[in-house]
Structure formats: structure tokens, C-alpha cells
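Summarising the annotation, TrEMBL assigns transmembrane segment to 58-76, 88-108, 152-174, 186-206, 267-285, 315-336, 348-366, 616-638, 644-666.
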Amino acid sequence: MNPFQKNESKDTLFLPVSTEEVPPQSSNFPKKLSPKICGSNYPLSIVFIVVNEFCERFSYYGMKAVLTVYFLYYLHWSEDTSTSVYHAFSSLCYFTPILGAVIADSWLGKFKVLSMVGLSLIALGTGGIKPCVAAFGGDQFEEKHAEERTRYFSVFYLSINAGSLISTFVTPMLRGDVQCFGKDCYALAFGVPGLLMLIALVVFAMGSKLYRKSPPEGNILNQVVKCIWFAISSRFKNHSGDNPKREHWLDWAAEKYPKQLIMDVKALTRVLFLYIPLPMFWALLDQQGSRWTLQATRMNGNLGFFVLQPDQIQVLSPSLIVIFIPLFDLVIYRLVSKCGINFTSLRKMAVGMILACLGFAVAAAVEIKINEMATCQPNSQEIFLQVLNLADDEIKVTVQGDENNTLLAESIKSFQNMPHYSKLHLKTKSQNFHFQLKYHNVSVYTEHSVEEKMWYTLIIREDGESISSMMVKDEENKTTDRMTAMRFVNTLHEEVNVSLGTDASLIVDEDYGVSAYRTVQRREYPVVHFRTKNEDFSLNLGLLDFGAAYLFVITNRTSQGPQAWKMEYIPANKMSVAWQLPQYALVTAGEVMFSVTGLEFSYSQAPSSMKSVLQAAWLLTIAFGNIIVIIVAQFSGLAQWAEFIFFSCLMLVVCLIFSIMGYYYVPLKPEDVQGSANKQTPQIQGNMINLETKKTRL
């Protein structure tokens with residue numbers, strides 16, 4: 001489209017011709033007025049936008065809530081890999097808004113992208129929706145209702161977290177409390193959010209006739225990039241002192257681009273420069289779904305009145321946001337204002353960063369306490385050994401090394417619950433241990449080979465009038481200590497089939513056969529079915545608690561029939577998940593001050609032609625924040641508590657940098673940008689100069 005309209009008047013001497021397409025000047029917003037809500041200044045159209053955002057965020061956060069647990073327990077990835085893939089997905093979701101913003105501002109407009117692209121294609125949906133929906137809601141307000149528009153962003157963010165609150169609570173229940181094919185029902189956990197996306201599409205389309213739809217204004221992002229590049233090139237080409245200095249480096253683009261575009265790009269670049277430190281905040285905030293969820297797997301989720309799954313703890317964040325947003329808007333901000341403090345947007349964001357910094361310091365303290373209460377792991381040239389006496393009387397056990405030095409000597413009663421493993425030191429990576437077992441008046445000598453960094457159980461059993469032993473490697477302990485684990489020893493003379501309520505059965509061989517480990521949900525198991533060749537029976541296994549490992553010995557030593565003797569040899573997680581509440585409260589308060597304020601700030605500081613572009617740039621900072629987490633998780637090699645401290649310190653440094661940048665930033669009002677552009681004459685466009693028109697006889 002040629003930016004110049006042909007003037008047929010004979011009063012014009014020159015008809016300038018442009019060889020360069022430029023975006024049209026910002027036109028007046030469509031005059032369509034939406035009906036108001038109950039006589040207020042809030043357009044009725046935002047109801048559909050807010051409900052749409054609720055459903056869309058339900059879908060997004062519902063899926064993300066179970067993602068880390070899905071990677072860890074279903075796909076059996078490591079914690080670092082699960083964390084990296086989780087944040088890689090989050091990063092991709094916040095990179096695609098750049099594509100959505102270009103399409104929205106340049107081609108289809110916000111309304112069509114939001115309905116046609118964003119909600120139709122789930123894979124690219126976030127890219128289509130995120131840069132448009134917040135700005136599209138802001139477009140529904142007239143400029144004279146700026147205060148209501150500011151409140152709208154709080155309501156908008158409230159709807160996001162209301163959807164997140166319900167989804168992060170419900171989807172883990174769909175995963176863990178419903179069984180699909182004998183396992184956790186991930187199909188249902190992912191399917192319900194998909195259904196909510198369909199509902200979001202329907203709700204959004206219902207309000208179509210009420211929306212104020214700003215038309216797309218050309219390939220604005222392309223023009224921005226070209227304008228910046230031309231200004232930089234011109235500046236370096238004309239670096240000699242012969243050319244007069246210009247007030248701003250972007251003024252070097254005046255020979256080719258209109259002043260309005262240059263003024264808009266100036267406003268855009270000033271805000272983008274301010275965005276540089278922001279990814280660090282998102283690097284901390286988004287770890288609620290990865291590192292903090294993994295931390296919750298090592299804690300006890302029993303709250304007395306309710307048992308929280310590890311991935312359900314994320315419900316704290318949206319729950320607190322629903323409380324904090326009205327608390328901050330209606331109470332805290334007003335009190336601060338009455339105290340005479342000018343609490344600007346940038347100051348709110350800086351305080352939000354400090355709160356996130358404190359939240360991670362608390363998370364580090366919780367992690368240290370968890371490690372203190374957790375079962376230690378054997379180091380190099382060490383093993384952990386426990387002795388299980390299944391004979392009918394007390395046995396004295398003596399363990400000797402290669403040089404006949406005594407490493408362990410203790411008396412163990414029949415079916416005695418061992419309180420802990422014993423740590424034994426090796427001289428090499430593998431070593432033979434000699435065992436002396438005294439039973440009644442009989443001494444039995446045996447030898448077993450062990451390897452460093454392993455867990456072992458020495459099972460002693462009756463063998464006629466004597467006893468014998470077998471060494472069982474418990475290496476699975478290292479990977480099952482974050483779930484409830486169990487294994488069985490079968491003292492019966494026939495094979496036992498154990499049904500734990502799933503399609504897959506656990507088979508235990510006869511005559512002291514030892515089963516593999518099986519991980520199960522934390523709950524009471526009052527009736528567990530056992531089946532042998534000749535009979536079926538049920539046993540009460542009791543409560544299997546978080547993080548514990550249990551050994552069940554199936555015996556038939558009484559007239560009451562088969563029994564299951566229970567031993568907890570790895571203790572349950574003792575630290576309550578409620579201790580995560582302070583860190584969630586701090587980071588969530590920081591999110592309310594940082595994210596809600598940042599949304600409104602991004603909209604208010606964006607030129608009218610670049611609302612979606614700046615929203616996409618805001619979301620891009622989230623993408624880079626997730627990349628920071630991936631880099632640290634893959635390459636730092638830090639212990640988890642040290643990693644939390646590292647992020648906390650980084651956040652503090654970035655907050656100081658952001659505060660200095662914000663101190664020198666002068667917020668611009670949209671009318672200031674427009675007014676400055678209107679005063680510029682003459683204009684230079686394309687390859688011709690648009691001269692002031694004068695009446696001239698031909």
C-alpha cells in the first residue's frame with residue numbers, strides 16, 4: 001500500500017512518489033462502543049475475554065502441573081532431565097508469541113489470531129494467544145477510562161490464576177486417584193485440559209459482536225527492524241564530524257522513515273532495554289513447577305485433613321494470587337499511597353524481585369533441613385548393610401574384613417525390626433566379607449562379596465537344624481526413596497502372586513524368594529490379595545507412607561494362616577510439605593507486584609501500533625528465564641540447596657541493576673508520543689521529500 005494518497009488538486013506543485021512502503025500513521029481507534037457492565041465504565045466484552053483466559057489457562061497450567069511428575073515417574077527420566085525438558089517446553093511456549101504478535105499486528109489483527117490460530121492449534125496456541133489476549137482486552141477501553149483499564153489487568157491476571165488454581169488441584173487428582181491401564185491416568189489428566197481449550201474457543205467466539213477490533217497496521221515488526229538497522233548503518237557511515245549531531249541515534253533513520261515510526265520505535269526500544277534484566281525473575285518463578293515440585297516429592301504431603309500429591313503443591317501459587325491481588329490493590333497500595341510514597345510501576349517490580357530473592361533463600365533453608373532428615377547415601381569405599389533374622393531364635397552376627405578385623409558385631413532377635421543400616425568401610429571398590437553366625441550352639445561361617453556405594457540386606461533363614469544366609473542387593477533404594485516402595489520375602493513352600501490393585505501382579509518365588517521393588521501410592525492398604533496354587537488369602541499391609549521403603553515377609557508360623565510381617569527399613573519423609581508455604585507466599589507476593597504491574601506497564605508504554613509486539617517481548621523474557629534454568633540445571637553441578645542460593649544471589653544482583661535502570665527511566669504517555677510526532681515538519685519519506693504544499697499557478 002502506498003502511504004501517499006494521490007492529490008488531484010491543481011494547487012499542488014509536487015506529487016512525491018515513495019519507493020518504500022511505510023506503515024500508515026496511527027489512525028483513530030474504531031468508534032464502536034461496547035455495552036457496559038451494570039452501568040460501570042467496564043465494557044461487557046471483557047467478560048468473554050476473561051472467561052476465555054480462565055479456560056485457556058486451566059488447560060495450560062493443568063497440563064504443566066503433572067508434567068514434571070510424568071517425566072520423573074512415568075518416563076523415568078532423571079531430575080535434571082525432567083527439569084530441563086519442563087523448562088524447554090515453557091521456553092518454547094513463550095518464544096512463539098513473537099510469531100503470534102507479528103501475525104496479529106501485521107496481518108489478521110488480534111481478534112482473528114486469538115480465535116483462528118491460537119485456539120485451533122494447541123501446539124502453537126500459546127504463541128497465538130499470549131501476545132494478543134492481554135492487549136486485546138486493553139483495547140476494549142477508551143483512553144478516558146485508563147483507571148478502569150489498570151484494574152482490568154488485575155482482574156485479567158486473577159482469571160489466569162483462578163484457572164491455574166482449579167487445574168493444578170484437579171489434574172493431579174485425575175492423574176493419581178484414577179487408574180488407566182493399571183497405572184496413573186495421564187490420559188485423563190491431559191485430556192480434560194484439552195476439553196477446556198474447546199470451551200475457551202466457544203466462549204471467546206460468543207462475544208465476537210461486542211469486541212472493539214483494532215485493524216492490523218502493516219508488517220510493523222519488519223518496519224521496526226529495518227528502521228533500527230538503517231539508523232545504525234547511517235550512524236556508522238556518517239561518523240565523521242562533518243555531519244551535525246542528532247539528539248537520538250534513531251534520528252539517523254529520518255532520511256528514510258517517517259517521524260511517527262521513529263518516535264514509536266524510540267518508545268519501544270526504551271522499554272525493551274528495560275526488559276533486559278527481567279528473565280532472571282521468571283527463572284525463579286517458573287521453578288515452582290520443576291525444582292519446587294521435586295522438593296515436594298521428598299516431603300510428607302499429609303496435612304491431616306487432606307493428603308497433597310507432590311504436583312498438587314503448586315496449587316499454593318494461584319490460591320495465594322487470588323488472595324493477594326485484591327489485598328494489594330485495595331489495601332496495601334492504598335496504604336502506601338496515603339503514606340506519601342510514590343509507588344511507581346518500576347518500584348513495584350523491583351520489590352517483587354526482592355521478594356522472589358527471599359523466597360529462594362527460604363527454599364534453600366527447607367532443602368537443607370530435608371537433607372538433614374533424609375537417609376544418607378554410601379560414599380566411595382562404603383556400603384550400607386542390614387541383617388534380617390528370619391530364624392526362630394536370636395543370632396549373633398560378626399562381620400570381618402579381609403584381614404580378619406571385626407567390622408560389625410551385634411545380636412539380632414528373631415524378626416527384629418532393624419532401626420537403620422550399618423555403614424561398613426571397604427579398602428577397595430569391591431571386597432569379600434566374612435560372616436560368623438552363632439545360632440544356639442552352632443557357628444556358621446559364610447562369605448559374601450560386596451561393591452562400594454551399594455545397599456545390602458543379609459537374610460538369615462532356618463535350614464533344617466542349622467541356618468544359612470543370602471545377600472540381597474538393595475541398589476534400587478537409591479531411586480525409590482522419593483516414592484513409597486515395597487518388596488516381599490516369601491517363606492512359604494509355594495509361589496505367591498500379590499495383587500496391589502493394578503493389572504500387573506507381583507510374583508514372589510517360593511522358599512525365601514525375594515521380589516523386585518514395587519512403587520505404589522501413599523495410602524492405607526487394608527486389603528491386599530495374595531494367591532498361591534492351593535489358596536487365596538488377604539492381608540492388611542497398613543499405611544505405606546511418603547518416601548518410605550517396606551519389606552514384607554510372608555510367613556505361616558501361626559494357626560491363623562499366612563501373615564505379613566512388616567519392616568520399615570527406609571523411614572518415611574518426616575518434614576511436612578506445609579513448610580513450603582513461606583517460600584510460596586514470598587514468591588507469589590513478588591509475582592503479584594512484578595507480573596501484574598508488568599502487564600499493565602507493557603501495554604501503557606507501547607505505541608498504539610505495537611501493543612502486541614511489546615506484549616510478545618514481555619513474554620519473551622519468560623522464555624529466556626526458562627533457558628537460564630536449563631543451563632544451570634544441566635551444567636552447574638550444584639547441590640539443590642546450593643542451586644537455590646545461587647539463584648537467590650543472582651536475583652539480588654539483577655534487582656540492583658534493574659533499580660538503577662528504572663531510576664533513569666521516564667515513563668512516556670501515549671499522547672506524548674503522538675504529540676511529538678505531529679509537531680515534526682517537514683517529513684521525509686521514501687526517496688522524496690514531502691515539501692509544504694503552497695498554492696502555485698501552473
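Cβ coordinates are placed from backbone N, Cα and C, and glycine is handled just like the others.
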Spatial neighbours of the transmembrane segment (644-666) not adjacent in sequence (6+ beyond its ends, CB under 8 Å) are 270, 273-274, 276-278, 280-281, 283-284, 287, 291, 346-347, 349-350, 353-354, 356-358, 360-361, 363-364, 367, 632, 636, 638
Most Cβ pairs under 8 Å to the transmembrane segment (267-285), of 315-336, 348-366, 616-638, goes to 616-638
Lying 6 or more residues past either end of the transmembrane segment (348-366) yet within Cβ distance under 8 Å of it, the residues of that chain are 280-281, 284-285, 292, 295, 575, 579-580, 582-587, 589-595, 597-598, 601, 641-642, 644-645, 647-648, 651-652, 654-655, 658-659, 662
